[in-house]
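*Asks:* There's a structure below that I have some questions on.
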Amino acid sequence: MNDKIYDISIIGGGPAGMFATYFAGLRNLDVALIESLPKLGGQPETLYAQKHIYDVAGLPKISATDLIKQLDKQLEITKFDKYLNTSVSSIERDENDSTWILTTNKETIRTKAIIIAIGNGAFKPRKLTFDYDKTLEDNNLNYFVNHMEDFQGKDVLVAGGGDSAVDWSIDLSKITNHTALIHRRNKYRAMESSVKKLNESDVEQLNPYIIKGVDYNADDHKKIDVHLKMIKSDDEKTVTADKLLVNYGFVSDSKILRDWHIELSGPFIKVTQEMETNLPNIFAIGDIVTYPGKLQLITTAFAEGPVAVTKALRNLYPNRDYFEHSTSIFEK
Ligand SMILES: Cc1cc2nc3c(=O)[nH]c(=O)nc-3n(C[C@H](O)[C@H](O)[C@H](O)COP(=O)(O)OP(=O)(O)OC[C@H]3O[C@@H](n4cnc5c(N)ncnc54)[C@H](O)[C@@H]3O)c2cc1C
C-alpha cells in the first residue's frame with residue numbers, strides 16, 4: 001500500500017471531479033483524483049466531445065472537448081496526484097485511525113475523506129461481441145488511443161460510425177500508412193462537418209460491413225486478419241492490418257455502489273445539503289447524487305464540488321480558514 005494518506009480522494013474524473021479537485025487543491029488539501037479511463041473528462045469527453053454546450057455560466061457556446069481542455073488547464077495551476085486507468089472497486093474504513101482505504105485495480109489508496117463523483121458509473125468500451133484471442137488486445141486490437149505514436153506508419157482499421165470513429169480515422173490517417181473505416185451502414189452518426197472532412201480525406205471507407213472475426217495473420221504474427229461481411233449480401237473479405245481500433249461507444253454501470261454500504265435512492269446516492277452521504281467524511285457530487293431539486297447538469301456539478309470540499313475541510317481541519325475568495329488566495 002502507498003504510505004501516503006490523502007486529505008481527500010476524489011473518485012471520478014468527469015466535470016464534477018475535475019473541478020472539485022481544483023477547488024480542493026486551491027485550499028491546500030492533499031488531493032488524489034482517480035479515474036477509471038485513460039483520460040479525464042467523463043461524459044462530455046467520452047460521449048459527446050464534438051457537441052456544443054450552451055448552459056455553462058460565462059461560456060455562451062463551447063464544445064464539450066474544449067470545456068474539458070479548459071478544466072484540465074485549470075488543474076495545471078494546482079497540485080494533486082492523478083491516477084488514470086484506475087478503477088475503485090471497494091471502500092473500507094480503518095477503525096484504528098478512522099481513515100478510508102480505497103481498493104483499486106492497481107494500488108490501494110488511503111485517505112481521510114472521499115468525494116464520490118462517478119456519474120453514471122465507470123465507463124467501459126463496448127467490445128467486439130464474438131470470441132477472439134484476448135492477447136490481441138496487448139497490441140493489435142485497441143479500444144482507446146492512448147498514444148497516437150503507436151499508430152504511426154501502420155495499416156490501421158477503425159470500426160464504428162459515430163463521432164469518435166470518424167474523427168479518429170481522419171486524425172490517424174495523417175500519420176498512418178493507410179487507414180480504413182469500417183461501418184455497418186452507409187450513413188454515419190457523426191457531425192456533418194466531420195463526415196465532410198472524412199469524404200475529403202485519404203480514409204478508405206468500408207461500408208456497409210460488419211466484423212465477423214479477427215485473428216493473427218498466419219504468415220506474419222505481428223499483423224492481424226480482420227474478417228468482414230457485407231450487410232444483406234454474401235460478400236465476404238479479409239483485410240490484413242497492423243491495428244484495429246474499435247470505437248463502438250461506452251457502457252457505464254454504477255452497480256458497484258451497492259457494495260460500498262452507502263445509502264442510495266434508486267441508483268443514486270442520497271446526500272445532505274452539504275453533499276454528505278450517510279458515511280463519515282464520504283461526500284458525493286455530480287450526476288450520481290440525488291436531493292430535492294437535483295439537476296443533472298455540469299453547472300450543478302461544478303457548484304456541488306466546492307460545497308463538499310468545504311465541508312470536508314471543516315471536518316478535517318476545524319481551525320483552518322475554510323472560506324476564502326480565490327482572489328485572496330492568489331494574492332497571498
Ligand atoms: C449527450 C449528452 C449531452 C449533454 N449535454 C449537456 C449540456 O448541454 N449541458 C449540461 O450541463 N450537461 C449536459 N449533459 C450532462 C452532463 O454531461 C453531466 O451532467 C456531467 O457529465 C456530470 O458530470 P459528473 O462528473 O458527475 O459525471 P461523469 O461526466 O459521468 O463523469 C464520471 C467519471 O467517473 C468515472 N468513474 C466512474 N466510476 C468510477 C470508479 N469506480 N473508479 C474510478 N472512476 C470512475 C467515469 O469513468 C467518468 O469519467 C449531457 C449529457 C449527455 C449524455
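In case you wondered, yes, glycine gets a Cβ from its N, Cα and C as well.
Fair warning: this is a prediction, and the values are worked out from it, not measured in the lab.
Annotation source TrEMBL lists domain 'FAD/NAD(P)-binding' at 6-305. Per TrEMBL, FAD binding site is recorded for GLU35, GLN43, TYR48, VAL88, PHE123, ASP287, THR327.
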*Asks:* DSSP secondary structure for TYR48 (FAD binding site), reduced to helix/strand/coil, please.
*Replies:* coil
*Asks:* Under a three-state reading of DSSP, tell me whether PHE123 (FAD binding site) is helix, strand or coil.
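*Replies:* Reduced to three states, the DSSP call for PHE123 (FAD binding site) is strand.
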*Asks:* If you count other CB atoms within 10 A of each CB, which of GLN43, THR327 wins among these binding-site residues?
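*Replies:* Buried the deepest by this measure is GLN43.
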*Asks:* Which of TYR48, PHE123 (the binding-site residues) has the most other Cβ atoms within 10 Å?
*Replies:* PHE123
*Asks:* Using only the residues recorded as binding FAD (GLU35, GLN43, TYR48, VAL88, PHE123, ASP287, THR327), report the maximum Cα-Cα distance in Å, whole number please.
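*Replies:* The FAD-binding residues span at most 36 Å between Cα atoms.
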*Asks:* If you run the three-state DSSP split on GLU35 (FAD binding site), which class comes out?
*Replies:* coil
*Asks:* Considering every residue in the domain 'FAD/NAD(P)-binding' (6-305), what is the mean pLDDT value?
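*Replies:* The average pLDDT of the model in the domain 'FAD/NAD(P)-binding' (6-305) works out to 94.
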*Asks:* Got a sec? Which of TYR48, PHE123, THR327, the binding-site residues, have CB under 6 Å of any ligand 1 atom?
*Replies:* TYR48, PHE123
